[in-house]
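As annotated in Swiss-Prot:
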- CYS11-CYS52: disulfide bond (DISULFID)
- CYS14: active site (ACT_SITE)
- CYS14: E64 binding site (BINDING)
- CYS45-CYS85: disulfide bond (DISULFID)
- CYS103-CYS182: disulfide bond (DISULFID)
- HIS146: active site (ACT_SITE)
- ASN162: active site (ACT_SITE)
Amino acid sequence: AVIPLKNQGKCGSCWAFSTVTTVESINQIRTGNLISLSEQQLVDCSKKNHGCKGGYFDRAYQYIIANGGIDTEANYPYKAFQGPCRAAKKVVRIDGCKGVPQCNENALKNAVASQPSVVAIDASSKQFQHYKSGIFTGPCGTKLNHGVVIVGYGKDYWIVRNSWGRHWGEQGYTRMKRVGGCGL
């Protein structure tokens, strides 16, 4: 289960949205509670990342672990710009994170079968940016520059959740060709 789609706006915070989506989902799987968590807290407080200028999933997870948790979206709402880090509740905790070997489709498929998984893709092509529907087959390269979440898969494609709002793609999702598409 995932929270309704969100939109990162003009802030380069895909790393925070992708990380938070997986933590929300893992929390729902473990507790049965689907709670919208704060991307803004990561943008403001994950100092090893770069706020709206980009970041890394592993550093975001490490922030959540070291901080003892992350607050809700309601308590620490998204602003689409980096502000000062402020005190926040620790509503949902994680105790670790595990990577999936790059370019290993079976490992990724096994991970996605048990929970949504964050991945970096090459989203620089105009075709991806203006994607509307169908199985996205490219063109795209392997310059990993955008964080998304794989929430499922079909025979020939991954079901990928983006953070560009419901107007993009298939209600904010895309189906991406499996077998090495866009850096996967």
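Cβ coordinates are placed from backbone N, Cα and C, and glycine is handled just like the others.
What's the neighbourhood like for each of these?
Taking all protein chains in view, 18 other C-beta atoms sit within 10 angstroms of the C-beta of CYS52 (disulfide bond).
In the three-state DSSP reading, CYS14 (active site) counts as helix.
Around the Cβ of CYS14 (active site), a 10 Å sphere holds 25 further Cβ atoms from the protein chains shown.
Under DSSP, CYS85 (disulfide bond) is assigned to coil, being neither helix nor strand in the three-state scheme. Under 8 Å, Cβ to Cβ, and six or more positions away along its own chain, CYS85 (disulfide bond) finds GLN41, ASP44, CYS45, LYS47.
Mapped onto three states, the DSSP output places CYS182 (disulfide bond) in helix. A sphere of 10 angstroms centred on the C-beta of CYS182 (disulfide bond) encloses 28 other C-beta atoms.
All protein chains considered, the CB of HIS146 (active site) has 23 other CB atoms within 10 Å.
In sequence order, VAL148, TRP168, GLY169, GLY172, TYR173, THR174 are the residues near ASN162 (active site), counting only same-chain partners six or more apart with C-beta under 8 A.
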Drop a 10 Å sphere on every Cβ of the disulfide-bonded residues CYS11, CYS45, CYS103 and tell me which sphere holds the fewest other Cβ atoms.
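Counting other Cβ atoms within 10 Å of each of the disulfide-bonded residues CYS11, CYS45, CYS103 gives the minimum at CYS103.
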Using C-alpha atoms, which one of the recorded positions CYS11, CYS14, HIS146 comes nearest to CYS182 (disulfide bond)?
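With Cα distances computed to CYS182 (disulfide bond), the winner among CYS11, CYS14, HIS146 is HIS146.
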Do you know offhand how many angstrom separate CYS14 (active site) and CYS52 (disulfide bond) by C-alpha?
9
